[in-house]
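Read the structure below first, then the notes.
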Amino acid sequence: MKLFGGPVSCPIGAGNCEDVLNSDYSFVFGVPLSAVGMLAYGSVAILGVLGASGNSFRIANVDMVRWLLLGTTSVMASASVYFMYILSTKLEGESCVYCVTSAVLSTSLLLLTLRVRGPFSGKLGTWITNKFGFQEIKQVAGLQLAAAVAVFLTLSSSYAGITPAATRSDEIDLPPVEPQITTSSSPMTISLAKHLQSIGAKMYGAFWCSHCYEQKQMFGREAMKYIDYVECYPDGYRRGIKMAEACESAKVDGFPTWIIKGEVLSGEQEYSEIARASGFESPKTNK
């Protein structure tokens with residue numbers, strides 16, 4: 001949703017996740033936390049597979065996979081502690097079930113990484129339980145503490161100067177003003193637009209969506225007159241407002257969304273992809 005835009009809903013009764021996702025705290029030095037989370041969990045998954053399959057690598061007889069796994073999960077757990085602090089203090093009154101779930105998961109991954117040898121047997125069981133012993137944990141406790149401090153300082157530096165009140169979406173009130181299309185249409189885009197109109201294709205979008213605007217710019221002013229465009233927020237965008245019924249019925253979950261001959265295309269599309277989905281064939285020029 002961070003990539004395609006649009007509202008994000010929490011499970012019923014679990015708070016308003018959209019406020020958290022759209023807050024200034026959803027970025028670290030300009031990078032979306034969604035991307036950071038994908039990188040972190042992806043790294044743990046790769047390291048876990050390497051460890052479970054025995055494809056580890058050693059430096060000076062040190063199993064680097066298990067130590068990298070410990071370092072990664074330590075940083076993730078430390079970051080989760082900081083984010084829970086942000087959620088409870090800077091975003092006071094908001095809740096985010098996805099954030100809490102991620103915090104529980106990252107902390108659990110750290111505890112599993114630290115788990116001392118247990119009663120399991122077998123190759124996989126041995127790897128699962130052949131974790132860090134008490135002596136090893138004492139040796140790395142200082143390094144883990146240093147990693148936690150580094151995480152706190154980095155995040156604090158990234159969020160320095162943010163005014164909490166400015167991150168709340170209850171003050172967001174965007175009037176339904178669509179940016180003007182500045183490009184001119186080519187004969188090809190006009191032909192494609194007319195074809196889309198003839199087959200009942202629809203483009204669903206939002207006036208504040210930059211990808212929607214770029215899609216319109218691709219077609220141009222003249223061609224967009226033929227596109228059946230559905231604005232999902234005709235009354236503007238503010239806290240508590242819902243998408244237009246036509247968009248809800250079409251189950252639109254990102255912008256723009258094309259529905260062409262029953263096929264759903266999410267996100268900004270190239271000319272060739274729209275032509276393919278619609279069965280449009282470019283007119284052949286006579287030589």
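Backbone N, Cα and C atoms are what each Cβ position is placed from, and that goes for glycine too.
Here TrEMBL flags 2-117 as domain 'Vitamin K epoxide reductase'.
Look at TrEMBL and you will find 29-52 (among others) tagged as transmembrane segment.
Positions annotated as transmembrane segment by TrEMBL: 64-85 (among others).
Per TrEMBL, transmembrane segment is recorded for 97-114 (among others).
Marked as transmembrane segment by TrEMBL: 140-162 (among others).
Mean pLDDT for the domain 'Vitamin K epoxide reductase' (2-117) in the predicted structure: 79. Beyond the transmembrane segment (140-162), the same-chain residues lying 6 or more positions past its ends with a Cβ under 8 Å from any Cβ of the stretch are 24-25, 27-29, 70-71, 74-75, 78-79, 81-82, 86, 90, 132.
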